[in-house]
Amino acid sequence: MSSSLPYSVKDVHYDNAKFRQRSYLKVMTQNLLTGSRKRYCLSCSTGKFLVLLLIFGLAYLFLTSTPVHVPNQVAKVSESNEKGEFKINGGINFKNLWRRAPRLPPRLPPDEKGSNTSYHIDPNMLVSESLWFSRQQKVKDAFVHAWSGYKRYAMGNDELMPLSQTGTDGLGGLGATIVDALDTAMIMGASDIVSEAGSWVEKHLLDRIKEKGQVNLFETTIRVLGGLLSAYHLRAGEYGKNFENEGPKPAVYLETAKNLADRLLSAFTSSRTSIPLSDVVLQNFSAYAAPGGLSSTSEVSTLQLEFNYLSTVSGDPKYSVAAMKVLEHMKSLPKVEGLVPIYISPDTGDFIGETIRLGSRGDSYYEYLLKVWIQKGMRENNNFTYLHDMYEEAMKGVKHLLVRKSVPNGLVFVGELPYGSNAAFSPKMDHLVCFLPGTLALGATKGMSRDEAMRKSLLSFDDLENLKLAEDLAKTCFEMYEVTSTGLAPEIAYFHTEEYSEQGLGGGNKKSKYIDDIIIKSLDRHNLLRPETVESLFVLHRITGNPKYRAWGWQIFEAFERHTKVSSGGYTSLDDVTSIPPRRRDKMETFFLGETLKYLYLLFGDSSAIPLDQYVFNSEAHPLPIEGNTPMK
């Protein structure tokens, strides 16, 4: 790790409340009762007399002393004390004399004090909950606007082309936007959309699955299978009470999911190894490798949450067995400090090449190591502990090999190793990498708030270090938005380091402090309405409670509204975020409804909605319940 990084061994020495405070009286009494002096003193009558004298003397001092400050509510004897406790005027409560000394509250490590806490917050960020509720409603309005364009011009197609006012099928023709948006509509309480989307699924999706041709295993699993399973769970639980008359019964979603998964299983059964093939022909249950014969590491390792949950609710283990064999096999493969290449061969089962990155083709491998372990209940010494071990090893590798600081202003970023760990480092960071702050925070506290985890002494040094890195990276991800003229992030950014620099490739916002730190090349300036940054802001706000993450999220949402909204309905991707007005791309990705707007809505809402200690989000933001937890109330 670079010596300039803000993580040091001195943090190990902070106290994480591993001991209990003891009073002076307790210390003296314990020494008298357990020490060698006890045997000496009590062996003679004089010693016994002195011990009794000492005890009575201490009691007298306690009863007659007057504290420096006594709260008004205990300074007098209460005439109406229902419990009958006798209180002396000086504030002594006999019951309190025998109370166990309280446990010390956990303390933040040195670098956490005075930074990123609720005690040092810009007052402008402290807005009322009622205002956040109104902002949440604006996100819902945006979702309705996006759906209206899709419904009007592309209903049944995978995606909307809002400028051309037509639809396109780039994901196999399964109506991906409909299924991706369904649970978002349920969470937002958009009953009309729940009815329209659910009715389409009931009437058309099963026929589409039986008739359609080739689809990508990964994309179909996270978007369509994940969307169906999340809709099934929400519709069958407390959320479903709001939609009893909208859309089909929960069983429709489950049966459709099973039919789809049975066909997707051919990617596993057609492979010679535990690594599935990349593409499936749904109509005839056949599967094929991608051109070149390789599969993406992230794609084959981002199927397990969905297949595991399907096995749980269907009672058929075949789905989970097939998917989990992938991770079990990967456990045995050689790695570089827990990091893995971005390609794997379904023919040999081996990693191919040396390229290591947390962007495309690598990202969700690391995400699912943690989330599958969480889904399985996070129990120690169970059959899934190896996943958490792999995750922790990988995060240490990330910090050692991939984390750097930019110059001149020190933004913390995650780069790449295009030719392996023994070759040159690249200061390139995809927007996709902005999933990492949320994953690091989730891994640190396991979904509970930081305050609760600190009170329970559950945070190790590594957890605190990862949480700090999460907050630093989230700032970097936000500055990738702030540095551009439109306030929207590019697809890829490079960072100015001591070894790497390019001039004239800034984001366009000359007011940004980091205009000289972030480099945006001409081919990387597009924005696809991606969710990764707002996903991490949502998770970090839930875990830290810091209102700055809401403020940042609102700023991003406003930029989407200004530059990507299409008046006739829908939102569009952009070609260049560094110029105003930005050139438009004419595409509304399904994940804008399935992820981006969902995370923004949850960011601005109450933390009781889809709690992180009861749910785990798949890579397409479809919430699935953690095993052993009851349905959401």
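Placed from the backbone N, Cα and C atoms, the Cβ positions cover glycine too.
Feature annotations, reproduced from TrEMBL:
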ACT_SITE  Glu219  active site, proton donor
ACT_SITE  Asp363  active site
ACT_SITE  Glu491  active site, proton donor
ACT_SITE  Glu532  active site
BINDING   Ser619  Ca(2+) binding site
DISULFID  Cys434-Cys477  disulfide bond
TRANSMEM  40-63  transmembrane segment
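Taking the features listed in TrEMBL, we show where each one sits on the structure.
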residue : record                    : Cβ neighbours (10 Å)
Glu219  : active site, proton donor : 21
Asp363  : active site               : 25
Cys434  : disulfide bond            : 29
Cys477  : disulfide bond            : 29
Glu491  : active site, proton donor : 20
Glu532  : active site               : 23
Ser619  : Ca(2+) binding site       : 24
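Geometry remark: the residue listed as 'Ca(2+) binding site' versus Glu532 (active site), CA distance 10 Å. Glu532 (active site) and Asp363 (active site) have their C-alpha atoms 11 Å apart, to the nearest angstrom. Here the Cα atom of Glu491 (active site, proton donor) is found 14 Å from that of Asp363 (active site).
Note: the Cα of Cys477 (disulfide bond) and the Cα of Asp363 (active site) are spaced 15 Å from each other. In this structure the alpha carbons, written CA, of Glu219 (active site, proton donor) and Asp363 (active site) are 14 Å apart. You'll find the Cα of Cys434 (disulfide bond) roughly 10 Å from the Cα of Asp363 (active site).
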